[in-house]
Amino acid sequence: MNVLIINSGSSSIKFQIIEMPSETWVCSGLVERIGQQDAVLNYKTSATSLQQTESIKTHKQGLHKIVELLLHSEKGVIKSTDDIKVVGHRVVHGGNSFSNTTAITTQVKQKIKEYATLAPLHNPGNLEGILVAEEVFPSAKQVAVFDTAFHQTIPEKAKRYAIPNQLYDEQSIQLYGFHGTSHQYVSEKAIAHLGLKNSKIISIHLGNGCSMTAILNGQSTDHSLGFTPSNGLIMGTRSGDIDHGIIYHLVNTLNYTVDEVKEILTYKSGMLGLTGYNDLRDIEAEAEKGNRDCQLALQMNAYRIQKYIGAYAATLNGLDAIIFTAGIGENSSLIRKLVCRNMDYLGIELDDEKNETKSKSLREINTPVSKVKILVIPTNEELEIAKQVFQLVK
Ligand code: ADP
């Protein structure tokens, strides 16, 4: 069965076809800069790789372009749109309504729309992708996979904020958590690898967005992103944890508008705010050349991760493994080294040589005596979505 996975953002559509249950990759691609004259369409199969720049005004037009390629006599991978039996949609915010992958109905679409108030950057684009896919693939089942679903197991003591009850009861203000498909995918891989019946794991997802999850016996019990994807670790352009008193100071004393503060904390902070660069490769290269801001930013980044490891190890009352994943977690041996430094009290001991080994598969990079396994596991959110969708419709 061909599963088409769509990750539709505010101005982009990522797509992939995976043949299930063999988990065989068929094709993937990305339309970026939707709404602009110079939108870019990337498309890849085992036989073809292309990139074209053209005007793509709407998501609908973008998805039609994708379908043209999928059906193309030479470059295509399907004969008719009916060959797509199911479309799996990544949806960022499912609030408290969805703890599992769900077939899309009118009510589900209504809920996704309602939760746009909680994820204004993501849910509207996700919904648009669903509406367009329903038109383009009328005979396919449409299924939603929520980033927040994996975190529905987080207990109240961890997900509630200490604010007036009414804000929770009536306004649903609480920790929701994000990157759920990634944390679920890598933690399931880790559990299978460790072969443990009971397991205490911390998964560390370090990409453009960064988050950590405490996972007890396969279930999320705490998570570093919160009500929105702003909390916790230092990210590419997001500050992560800050004292909220800073916001009032910026607004009331320094006369920034609330929108300006949001812009600063979301797009101008994090590694970019500290160094002028948001790509970790540039920051590492600059630090190597002696750039003091870059050196400090790397130290701060690793220190924040260490604090969360300590906190989560305490809440889990022990630790079997930590997992590094996503662009930075999988590729930056330097961040992994800084994070694992001086963690022997917790039983985390890195093998420097193994840490430098490059590989696209799961690997252990701890020393033989390390009590805690240190795992590098490439994430694959699309495959996790395909697996969950297939489970639901098979
Ligand atoms: P997204 O959250 O958009 O899915 P990724 O998981 O692809 O992001 O991570 C992107 C980030 O990974 C880049 O911004 C870059 O900082 C980092 N990255 C990718 N490759 C390397 C590398 N070899 N060394 C250090 N950092 C890297």
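Positions of Cβ are set from backbone N, Cα and C atoms, glycine also.
Note that TrEMBL annotation is computational and uncurated.
Annotation comment: TrEMBL describes Asp147 as active site, proton donor/acceptor. As annotated by TrEMBL, Mg(2+) binding site applies to Asn7, Glu381. The annotation ATP binding site is assigned in TrEMBL to Lys14, His205, Leu206, Gly207, Asn208, Gly209, Asp279, Leu280, Arg281, Gly327, Ile328, Gly329, Glu330, Asn331. Residues annotated as substrate binding site in TrEMBL: Arg90. If you look up TrEMBL, you'll see His179, Arg238 marked as site 'Transition state stabilizer'.
Feature map: annotations from TrEMBL on the structure.
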residue : record                             : DSSP class
Asn7    : Mg(2+) binding site                : strand
Lys14   : ATP binding site                   : strand
Arg90   : substrate binding site             : strand
Asp147  : active site, proton donor/acceptor : coil
Leu206  : ATP binding site                   : strand
Asp279  : ATP binding site                   : coil
Glu330  : ATP binding site                   : helix
Glu381  : Mg(2+) binding site                : helix
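Within 10 Å of the C-beta atom of Glu381 (Mg(2+) binding site) sit 24 other C-beta atoms, taking all shown protein chains into account. Across the residues annotated as binding ATP (Lys14, His205, Leu206, Gly207, Asn208, Gly209, Asp279, Leu280, Arg281, Gly327, Ile328, Gly329, Glu330, Asn331), the widest Cα-Cα separation comes to 24 Å. Long-range neighbours of the residue listed as 'active site, proton donor/acceptor' (same chain, six or more residues apart, CB within less than 8 Å of its CB): Arg90, Val91, Val92, His93, Gly94, Gly177, Phe178, His179, Gly180, Thr181.
Between the binding-site residues Asp279, Glu330, the minimum number of other C-beta atoms within 10 Å of a residue's C-beta occurs at Asp279.
Of all the binding-site residues in the list Leu206, Asn208, Arg281, Ile328, the shortest Cα-Cα distance to Asn7 (Mg(2+) binding site) is found for Asn208.
For the recorded positions Lys14, His179, Arg238, the greatest number of Cβ atoms within 10 Å around a candidate Cβ is found at His179. Using CA atoms as reference points, the binding-site residues Lys14, Asp279, Arg281 were checked against Glu381 (Mg(2+) binding site), and the closest is Lys14.
Classification of His179 (site 'Transition state stabilizer') by DSSP places it in coil, neither helical nor stranded.
When secondary structure is read from DSSP and collapsed to three states, Arg238 (site 'Transition state stabilizer') falls in the coil class.
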